[in-house]
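Read the structure below first, then the notes.
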Amino acid sequence: MSRILLGVNIDHIATLRQARGTSYPDPVHAAAVAEHAGAEGITVHLREDRRHIIDRDIYLLAKTLKTRMNFEMAVTDEMLDIACEVKPTYVCLVPEKREELTTEGGLDVAGQMGKVGAAVQRLDEVGIKVSLFIDADKTQIDAAVEVGAPLIEIHTGCYADAENEAEEAKELARITEMAKYAHSKGLIVNAGHGLHYHNVKPIAAIPELYELNIGHAIIARAAIDGLATAVKDMKQLMNEGRRGE
Ligand SMILES: CC(=O)[C@@H](O)[C@H](O)COP(=O)(O)O
Ligand SMILES: NCC(=O)COP(=O)(O)O
C-alpha cells in the first residue's frame, strides 16, 4: 500500500497576518514548522486580490522551503509571469472569483482548452509540473489529459459540504471512481478542499490518491493545539485511513 502525502496549505496563517497588517504570523515560519512536523509539501494560493498570501511570501518560500512548493494560482498572465520567475515544483491552476469566500468549484478545463493548454505548455517549458484543480468529473479528467497536465487535484468540496450521510457517501463514491479513472489515464491524482480531522480518513483510503492538500482545518486546529501537533495529528489520521484502520 503506497503512502499518502500531505501538502499543508498555509494561506490562513497569512489571513491572520493580513487581518491587522502586521508582520506576524509569518507564513515562512509556519511553513518551516509544518515541514519539520512531517508535511511533504507546502501549498500557497496567491490570489489576485492578495487577501492572504502576498508576493513576498512566494519569493521567500521559494528560497527557504526544504520540501517543495505547490503554487496555486488562477490562469492569468500576471500569475504565469510570477510562476515562471519563481519556478515552484508544482503549479496548481485553480478557478478564482474575487467575490468568492473560498474556491467554489473546479477549473473548467473542458470549456477553455486553448487557454489552459497554453498555460500548461508555458509552465512545462520552464520545468514546472502542472496540476489542474478539477471536479470529480470524467469530462474534466479527459480534458486534463488532452491538455497535457501530468497531475490533477480532485476538488473534495462537495464531499466536505455534504449535508447528510447519504450525500457524503455519494460524493465519496464519485471521488473514488474518478480517482481510479484518472489514475488509469496515467495522471498523478491529488485531492483537497474542505478536508478536516473528521472526514479525511475515507479520502486518504482511496489507493489511487498521491497527496492531499489540506489547509483551513489544520490552521484552525493550530490555533488551539499548535501547528506541529495539528500537522502530526492530520498525518496520523491520513496514515490510518490509508491502512484502512
Ligand atoms: C483550491 C483550494 O481549494 C484551496 O487550495 C484554495 O486555496 C482555497 O482558497 P482560500 O485558501 O482562499 O480559501
Ligand atoms: N487545494 C486545497 C487546499 O490547498 C486546501 O484547501 P482547504 O483545506 O483550505 O479547504
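Using the three backbone atoms N, Cα and C, a Cβ is placed for every residue, glycine included.
Per TrEMBL, the feature 3-amino-2-oxopropyl phosphate binding site maps to N9, R20, G194, G215, H216. Reduced to three states, the DSSP call for G215 (3-amino-2-oxopropyl phosphate binding site) is coil. G215 (3-amino-2-oxopropyl phosphate binding site) is surrounded by 24 other CB atoms, counting those within 10 A of its CB over all protein chains shown.
The 1-deoxy-D-xylulose 5-phosphate binding site feature in TrEMBL is assigned to D11, H12, R47, H52, T102. In three-state terms derived from DSSP, D11 (1-deoxy-D-xylulose 5-phosphate binding site) belongs to a helical segment.
Marked as active site, proton acceptor by TrEMBL: H45 (among others). For H45 (active site, proton acceptor), other Cβ atoms within 10 Å of its Cβ number 24.
In the three-state DSSP reading, E72 (active site, proton acceptor) counts as strand. Around the Cβ of E72 (active site, proton acceptor), a 10 Å sphere holds 28 further Cβ atoms from the protein chains shown. Annotation source TrEMBL lists active site, proton acceptor at E72 (among others).
The annotation site 'Transition state stabilizer' is assigned in TrEMBL to E153. The Cβ neighbour count for E153 (site 'Transition state stabilizer'), using a 10 Å radius over every protein chain in view, is 30.
According to TrEMBL, the active site, proton donor annotation covers H193. Listed in sequence order, T102, T103, H155, T156, G157, A160, N213 are the same-chain residues at least 6 apart in sequence whose CB falls under 8 Å from the CB of H193 (active site, proton donor).
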Original post:
Given D11 (1-deoxy-D-xylulose 5-phosphate binding site) and H45 (active site, proton acceptor), what distance in Å do their CA atoms have, once rounded to a whole number?
Top reply: 6
**OP:** Compute the centroid of the Cβ atoms of D11, H12, R47, H52, T102, then list the same-chain residues not in that set whose Cβ lies within 8 Å of it, in sequence order, for the 1-deoxy-D-xylulose 5-phosphate site.
**Re:** N9, A14, T15, H45, R51, I53, G215
Original post:
For the binding-site residues R20, H52, which one has the sparsest Cβ surroundings, going by other Cβ atoms within 10 Å?
Top reply: R20
Subject >> Residue from E72, E153, G194, G215 whose C-alpha is spatially nearest that of H12 (1-deoxy-D-xylulose 5-phosphate binding site), among the recorded positions >> reply: G215
Subject >> Candidates near ligand 1 among the recorded positions R20, E72, T102, G194, judged by a Cβ under 6 angstroms >> reply: E72, T102
Original post:
When DSSP states are folded down to helix, strand and coil, where does R20 (3-amino-2-oxopropyl phosphate binding site) land?
Top reply: helix
